[in-house]
Amino acid sequence: MNPNQKIITIGSICMVIGIVSLMLQIGNIISIWVSHSIQTGNQHQAEPCNQSIITYENNTWVNQTYVNISNTNLLTEKAVASVTLAGNSSLCPISGWAVYSKDNGIRIGSKGDVFVIREPFISCSHLECRTFFLTQGALLNDKHSNGTVKDRSPYRTLMSCPVGEAPSPYNSRFESVAWSASACHDGTSWLTIGISGPDNGAVAVLKYNGIITDTIKSWRNNILRTQESECACVNGSCFTVMTDGPSNGQASYKIFKIEKGKVVKSVELNAPNYHYEECSCYPDAGEITCVCRDNWHGSNRPWVSFNQNLEYQIGYICSGVFGDNPRPNDGTGSCGPVSPNGAYGIKGFSFKYGNGVWIGRTKSTNSRSGFEMIWDPNGWTGTDSNFSVKQDIVAITDWSGYSGSFVQHPELTGVDCIRPCFWVELIRGRPKESTIWTSGSSISFCGVNSDTVGWSWPDGAELPFTIDK
């Protein structure tokens, strides 16, 4: 091969190699562009890890859950049809109470990011139960927890998390700005009621599916306040009770009927010498029963029951097994307010079964400690103090606090009756303990017609925390 042929051969080989290399580079560029386009499309739809998004489309809930696995966002989607929580069934027959949840929020909060809260309560849809709570805009064991014994501040918000979980920034959902609140589900969406503002002019903001739908202005300009537990829904309408006026004298009380977040009717109770605060309400056979707190002059609990047209009856639980705190020792009851130790009070609940009543109360007669459930077979109408069942929930040596009712509808449980349940707040910190903060955890129980056990399920946190020393 002469020199010219060698040059031509080498040139040809180089040209072939160059063309192959160019084709490989073009293929690589195309591959990168296609891969980038696919990733960009997925990222446009995805949200951060473990975040749930609910989209409402033509009366169908689309429940979307995003799970982050090795930096790849996978979207799973399940359509869930909405229902109407009828509330027409009767309360389930029960013989005792089975423990349902315990969040251990204070114990976990000594080392983890847990909200400073008070007034927790539970409410259930046809799909899930959630714990609602009023935060103080602060975390446990942090400087902003100082002074959180205060009830009403602009930093308080209503938030919620899955039942049984400690309330933290990582699992909680903002609901409303509020220092007094209620929430419930009608089978289609969550209704939240959050009261905030000055004592002499607070406003309740109603939200339905997270959107503001109505407001209620304080009508007596004296600390408008509501239940601190779930509202009650029947046949697509939800009902709540609000108070406006003195905490130690005659106040004004209204029942509100709400549909899809808008007030459609209200009635003011004609209730002289009655005092209603922080009512615990539940549906039973298509009507609503609320058992409340008398902070004026009763150591037994007032009640109001009403139908869907807001036609109501009022009274006091007659039993000599008194349900408020402070209270006298059990004795002879009254179907009106029992005056001894009647001033002040604590949020509580009871469940009516015919002439009988399940009474939840603190074990102590003068401090917020201990908790027990008592069945008085004649206590709704009879004034004696005889009872047939007592179930221990929290020992008298451990702190308790507010308590309230919630229910699980047949659409959730699959049984043909409404299951009665209750929660107990376990308050820790100020004013009884040497801390700079006040907060609480919670436990809950549901009624069953099978074996149960009495025990003590206390908060269990060891105080003080590092921030308190």
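Each position is counted from 1, following the chain as shown.
Glycine is no exception: its Cβ is also placed from the backbone N, Cα and C atoms.
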Same Ca(2+) site per Swiss-Prot - residue from D324, D330 joining D294, G298: D324
Cysteine paired with C231, where Swiss-Prot records a disulfide bond, from C184, C279: C184
Cβ-Cβ neighbours of C233 (disulfide bond) (radius 10 Å): 27
Using Cα positions only, nearest of the binding-site residues to C129 (disulfide bond) (E277, E278, D294, G298, D324): E278
Cβ-centroid neighbourhood (8 Å) of the Ca(2+) site, D294, G298, D324 excluded: H275, R293, N295, W296, H297, S299, N300, R301, P302, Y316, P337, V338, G342, G345
Local backbone state of E277 (substrate binding site), from DSSP in three classes: strand
Coarse DSSP state, helix versus strand versus coil, of N235 (N-linked glycosylation site): coil
Among C184, C421, which are disulfide-bonded residues, the residue with the most C-beta atoms within 10 angstroms of its C-beta: C184
